[in-house]
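Visitor: Here it is, the structure in full.
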């Protein structure tokens with residue numbers, strides 16, 4: 001036990017700036033004799049007595065213990081404790097789980113003068129009780145977990161703990177089937193309608209981790225240590241590169257990092273194992289022009305696979321090689337943890353590195369959204385290539401042949417993706433200062449030419465740096481070893497890089513990651529309303545896509561609104577959208593179709609707005625009017641939900657703003673705000689003056705106005721069906737927003753366009769109807 005404590009201290013007490021562990025105590029949650037609870041209380045009390053609360057006033061410090069807590073909080077705690085006792089004594093016992101409605105109606109309303117008058121006050125009280133351990137509540141909205149309140153934490157701990165005690169016969173290689181978990185939940189008297197929340201709880205505590213819709217890993221039942229799996233290089237004179245290693249050094253590995261990485265690798269590799277190998281012949285993407293013909297690299301796929309995994313590693317053997325990912329500790333004084341990736345193959349093609357790096361980078365971004373460059377060797381390789389080199393030597397005095405850079409960093413060259421790599425003679429990038437087509441947080445767009453056709457090229461570096469990195473003489477192919485090895489050797493003797501060089505290196509690495517992230521998504525997409533990926537230029541750090549002659553929809557709406565505004569002001573009450581009714585409808589339908597397609601591809605867009613919608617034609621007779629672009633912050637849908645940076649104020653869903661786990665429903669919230677912009681021509685919350693004010697309005701559930709300063713646009717009169725769809729999409733609660741299938745079904749119904757106006761009639765009034773029969777016989781009637 002002493003050794004275990006020292007291991008925990010070494011693992012968790014990393015240093016300043018990282019989580020600090022005050023003490024370690026072994027306890028029995030069932031409260032048996034000598035359970036350690038008394039010692040735990042002592043440690044908590046002594047630690048709490050040292051904690052201080054610093055006020056905004058200088059030099060004013062107050063002890064945390066002794067601060068006053070609102071009396072309603074204690075009244076609520078007492079009432080919940082009474083409810084737990086009632087449920088325990090019932091025959092049969094009643095589960096200590098309550099919904100939000102039950103908590104409000106059966107608990108709060110029965111407290112005399114509870115003092116919890118608003119939902120916000122109740123939520124603050126719940127948060128306090130959760131922090132002191134009286135109840136358990138989570139804000140995760142996935143599967144409705146945020147609607148459940150566990151009023152007996154001990155019961156919850158015992159219920160979840162049963163999974164780790166499953167008999168060997170119920171497990172298969174550390175995996176458990178979902179039906180086994182379903183049976184276990186029934187034994188704990190959990191209702192069938194709460195089974196999804198039960199699974200979400202297990203996953204949240206990483207008691208089980210999903211690797212498919214039917215199988216879950218049980219981390220506690222996986223081997224603790226590497227079972228002895230090793231890789232060895234197989235160097236020969238003919239093929240010197242059969243072994244590639246990549247190491248990540250980290251100051252701290254967050255709890256849960258390894259089991260998430262292992263589960264994601266298992267899921268990803270299993271998916272690739274089932275896929276047939278993609279051949280470039282006959283499968284070239286149709287780009288709409290006979291001029292766009294070039295070889296497209298094959299996407300990586302595995303066959304004849306087998307895997308071995310443990311708590312902090314996985315070994316994967318496939319038809320052309322092996323992959324080993326394992327934990328490591330650097331043999332230095334700080335003993336920093338790390339991730340060791342080893343790839344072994346027969347022919348020197350290390351495309352599998354891209355699969356592993358994608359998963360690791362994704363996890364790192366979850367915990368460290370603004371991570372600093374940490375692998376200087378990869379930075380040097382990237383800088384060398386962008387400067388115009390294609391090979392590099394191990395060191396100045398090395399007698400080895402120069403190594404092809406793309407072999408050492410295949411993930412950056414996207415060897416595992418089915419994409420076209422531009423050759424210099426086919427691709428020309430026009431970078432004229434002040435003439436970019438668009439600019440955002442993840443890049444800048446310029447006109448370019450590919451085999452004589454105009455395309456749009458999105459660069460991932462600022463134009464200032466990119467211009468300095470362009471070499472007209474170098475091609476995207478490999479240069480000769482003789483010429484590059486000389487320049488490389490000369491460069492290694494240069495002095496230490498300046499601060500500007502270090503800054504450029506960091507920006508370069510970040511740009512590589514952004515480029516790969518967006519291209520990896522676009523390479524999977526093939527839809528009429530999603531912009532086509534034409535190809536990639538690694539040296540220019542850019543990719544090319546279809547060119548939209550009319551620009552983005554936001555600019556088009558602004559121009560149309562400015563043109564229509566005088567007419568709107570004269571009419572006072574506007575009864576039509578800014579664009580024509582049919583064009584508004586077609587754009588709405590096409591955007592919904594594109595978003596639904598992304599969701600079917602397990603992609604959460606995360607940044608749906610009019611800036612990211614390109615307008616290709618305003619003619620309603622054309623099949624394609626718009627296409628979606630920009631996947632810089634898009635997320636791959638994960639069974640445990642997604643987390644990450646927010647999108648654009650006004651379009652971004654409240655759960656993202658609040659830092660909660662989210663799913664594809666965030667895109668339908670943004671779709672509702674997009675419909676507002678499409679109908680009115682004004683961006684949501686245009687009348688708010690700052691990002692903070694917009695986010696506050698979104699979180700409070702306040703919606704954009706239709707009563708403008710100079711006129712009014714009642715949505716039920718402008719476009720009734722579209723207005724109703726908009727209001728259902730921008731609900732603050734994700735569960736109240738429609739699914740993609742529902743949205744598309746509504747948009748496809750004939751009545752969606754036919755309904756022209758909605759007139760509200762008082763109950764006591766009648767409605768006079770006029771109807772005709774034939775050409776002459778007219779009659780009138782009244783509908784009560």
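Backbone N, Cα and C define each Cβ position, glycine as well.
The structure displayed is predicted, hence computed values, not measured ones.
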Visitor: From the ranges 417-437, 438-458, 459-479, 480-500, grab the one TrEMBL calls region 'Disordered'.
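Guide: Of 417-437, 438-458, 459-479, 480-500, TrEMBL gives region 'Disordered' for 480-500.
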Visitor: Once near-sequence residues are set aside, which residues in the chain of residue 458 (ATP binding site), 6 or more away, have Cβ atoms under 8 Å from its Cβ?
Guide: 443, 444, 445, 518, 542, 543, 544, 545
Visitor: As a test of reading the model: what is the averaged pLDDT for the domain 'Protein kinase' (431-752)?
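Guide: Across the domain 'Protein kinase' (431-752), the average pLDDT comes out at 83.
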